[in-house]
Every structure is written in structure tokens, then in C-alpha cells.
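Taken straight from Swiss-Prot:
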ACT_SITE  Lys166  active site, proton acceptor
ACT_SITE  His287  active site, proton acceptor
BINDING   Asn111, Lys168, Arg288, His321, Ser368  substrate binding site
BINDING   Lys191, Asp193, Glu194  Mg(2+) binding site
MOD_RES   Lys191  N6-carboxylysine
SITE      Lys329  site 'Transition state stabilizer'
Amino acid sequence: MDQSNRYADLSLKEEDLIAGGRHILVAYKMKPKAGHGYLEAAAHFAAESSTGTNVEVSTTDEFTKGVDALVYLIDEATEEMRIAFPMDLFDRNILDGRMMIVSFLTLVIGNNQGMGDIQHAKIYDFFMPPRAIQLFDGPSKDISDMWRILGRPVKDGGYIAGTIIKPKLGLRPEPFAQAAYQFWLGGDFIKNDEPQGNQTFAPMNKVMPLVHDAMKRAMDETGEAKLFSANITADDHYEMLARGDYILRTFGPDADKVAFLVDGYVGGPGMITTARRAFPNQYLHYHRAGHGAVTSPSAKRGYDAYVLAKMSRLQGASGIHVGTMGYGKMEGTHDDRAIAYIIERDSYTGPAYHQEWYGMKPTTPIISGGMNALRLPGFFENLGHGNVINTSGGGAYGHIDSPAAGATSLRQAYECWKAKADPIEWAKEHPEFARAFASFPGDADMLFPGWRDKLASHR
């Protein structure tokens, strides 16, 4: 059934829809299956994503038609399809009237992903009008809160050197806490790896007191504050809350130094919102394990990593992993810096839409996946700043001297970039950074050919 007369209006102007402030706009790359016209398929897609079904139904009235989603732009050659969704379509909380990401996802990327006439459809950007921005929670904490704890300026406080406890699984409580202590002697921030929680060989009620003790010892020894991101992800919201409450009790007066890590993709949006609302005084660390199933460029359905990051800010994530922008082991390109810019700035023009955030707190880009001191200067140069959290697991624990030396080398890499120094020359005066060359010789050979001869007299 051709529904283009009802669910498409190509005379609509995007600038008018934005100025009106009554629609959420979504940009897709969509391809129909063979034998289906582009506009016909696009209109069917909009119908399935809003008020329509596969036949005309007698219960439809004029009000219903007033909240139809409308295709307003198509370009078959580039697979471009843009749809305007009336704000009234989206579900609201009965408790406080606020919007929810689950409703957004249900409509814009729900049943339409299994339609028989669609080869593929993937969201690459969306626009939220001012009223929608007001109706999402947004972050309660941001990187400025971390800088404040670390004793830094709350504006441009700079790089937070972090790690992930490695190996990701298999450490019992005492070795786990010792690994944390060793890194904290040189670094700022430690996070649980996403599978770490309450394994039988490392129960949380034994691990967390030891980690707090390690934190206190490291703070006493270095005179610096330390930060820990504890994984509270669970299937059950009550279990997640119980974990969070236990951790806060355990850390006691140092609870402000604890972030809560939630695996937001596998756990779902409800886990992020529950953590945001139950623990507004904690930094909310959004881990995105599994996201590549839909965000990878090789995946033709779902949504891009840019879209995931943008949604995370609406939900209230204080920080989210954004990959390594082609500088680490994770899939990505240098242009992925746009993922960082959309969540950290108050205004940004993305691949399809300009988005204003109207003062919503920023979400911190968290950099992780194959990064070490040698890769960081180029990363910072591409991003244009160092106001990020970086969690380097192998980059710290793989340092030839010690995890503390690995942490120090990460800090020195940031200082090298800030000073606009040549990394080889910088290494001659910074021993931990210099030893990173020997620790990661494959990277050193790739990034700094001839480094062995240049550093030979400074070993």
C-alpha cells in the first residue's frame, strides 16, 4: 500500500521544522529492497515508525493524522531519508512528565528495522528541539567535578590519566587491589573492566574494601586525590542499586572519589536513567560494550556511534567511551572527533543537524582501547585538546618498568603535546616516557622510525 500521500510531504522545509520547535528530526541512510520505490518505502517506514499500519483502519481520526511522522527529504542516490516526528508521539513519565530514550528508540529505530520492504536503514544524526532538551535529565556531574577533586582548575583542567585493571578477569581480591595501588602511584583514575563485578573468585564485598585501602595508601604516599569507577551493572535495577549503596558505604568519606560504571548498551537505557536518578552525586560512567553490533560502519542497520553518544548526554551520562579515533586498536577514524565534540560542547553542527544544548552539562569523552604514551600526542593533536579521561590498560600495565611508570608516561605524553615538543626530544628528558618506546617497540617503530638510534645515548 502506497502511503506517501499521508506520510510524506517533501514541501516541508527543514529550517521551518527546526524553527517551529515541535518536531524531533531524524536523518537516516535507507535503501529499499528491489522492486520498491524510494518514496513509497520511505513513507511506509514513517508510517510504521508512528501512527500507521499496513492497512487503513477505521479508528483513525483527524487528531491521529496530526501526529503522523512525515518524510520531508529524500535523495535515493545517496540513500538519504529524513523524517520529522511530532513531539507528541513520544512517551512521557507519569511521575514527572519527562521524556525517555526508550520511547525515542522504540519509534525511530524500532519495528522499522525489520520491515520487509527495507534493505537497510541506519540513523546517522538527529535533532532535538529546545523543549525536548528541557525534558531529558542530562548529566548531574561532569569532568569539572573530577578536576575539582583532583585539585585542578575547573575549566580546562586537562588530561585525566586512567587505566583499566588488567587482566580483565582472573585477579583475586588482593592482587586486584595491589594492581590498583601500583597504578595510582603515578595515575589519577582507575575503572573496573566491564566484566568485573561480583565473581565468585573476587566477591565485591572483599574487593571493594581492599580497593579503598589501596586508594587511601596511594593518596597518602603521593599527596594527590585518586578516582575509582566501580561497575554496578546488573540485570536487576534493585541489584544495581544495592551494589551502588554498598560501594558508597565502603568508601565512606571518599565516596565523592567514586564514579559508577554502567554498561549502557547491554544493560539498556533504563540502567543509565536509574543510576543517574538514584546516584546524582556520583559521576556516571557510560560503558558501551557491544555497541559495535549496530554502530560499526560495517553494520547497515541501527545507528552510528555519534548517535549513541548524543543519546548518552540526554540520558545523563557524565562520560562515555568514544573510541580512539584511529589512534588505538578500536575501529574508528580521525573524523570521529565529532563524537567528542557533540557531547562536550554547548553547540555543534553534526553530519546532518546543528544542535544547541541550552546549557545542559557536557558529557566527557573517555578514550580507551589500545592507547599508550606513544599514541597519545597524535591523538591530542587530532582532537585539539586534552580534556578527556583516558583509560589505558596495556599502556600502563604493559610498561616495562611498572604500572606507576606507565601512568607517569601517560601524563608525560600529555605534557609533551601541550608543550608542542618533539616526542623523541621530550623522551630524552622524561625517563618514563622514554621507556615507553622500549615497552611498545612495535608502536615506536611505526610512529617514530629510527627512535633506537636517536635515543641510544639516553638509555
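Cβ atoms here come from the backbone N, Cα and C positions, even for glycine.
Locations of recorded Swiss-Prot features on the structure.
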residue	record	DSSP (3 states)
Asn111	substrate binding site	helix
Lys166	active site, proton acceptor	coil
Lys191	Mg(2+) binding site	strand
His287	active site, proton acceptor	strand
His321	substrate binding site	strand
Lys329	site 'Transition state stabilizer'	coil
Ser368	substrate binding site	strand
If you draw a 10 Å sphere on the Cβ of Asn111 (substrate binding site), how many other Cβ atoms land inside? 11
Taking the Cβ of His287 (active site, proton acceptor) as the centre, how many other Cβ atoms fall within a 10 Å radius? 27
I need the nearest neighbour of Lys166 (active site, proton acceptor) among the recorded positions Lys191, Asp193, Lys329, using C-alpha distances. Asp193
Looking only at Lys191, Arg288, His321, Lys329, the recorded positions on record, which one has the least crowded Cβ, with the fewest other Cβ atoms within 10 Å? Lys329
From Lys191, Asp193, Glu194, Lys329 (recorded positions), the ones whose CA sits within 10 A of Ser368 (substrate binding site) are Lys329
Consider each pair of residues in Asn111, Lys168, Arg288, His321, Ser368, all listed by the record as binding substrate, and report the largest Cα separation in Å as a whole number. 36
If you count the other CB atoms within 10 A of the CB of Ser368 (substrate binding site), including all protein chains displayed, you should get 24
Are there recorded positions among Lys191, Asp193, Lys329 that sit within 10 Å of Arg288 (substrate binding site), Cα to Cα? If so, list them; otherwise say none. none
From Lys191, Asp193, Glu194, Lys329 (recorded positions), the ones whose CA sits within 10 A of His321 (substrate binding site) are none
What residues, ordered by sequence, lie under 8 A Cβ-to-Cβ from Lys168 (substrate binding site) and sit at least six positions away in the same chain? Asp193, Glu194, Pro195, Gln196, Gly393
8 Å Cβ shell about Lys191, Asp193, Glu194 centroid, Mg(2+) site members excluded: Ile164, Ile165, Lys168, Asn192, Pro195, Gln196, Ser229, Asn231, Leu261, His287, Thr391
Residue from Lys191, His287, Lys329 whose C-alpha is spatially nearest that of Asn111 (substrate binding site), among the recorded positions: His287
Given His287 (active site, proton acceptor) and Lys191 (Mg(2+) binding site), what distance in Å do their CA atoms have, once rounded to a whole number? 10
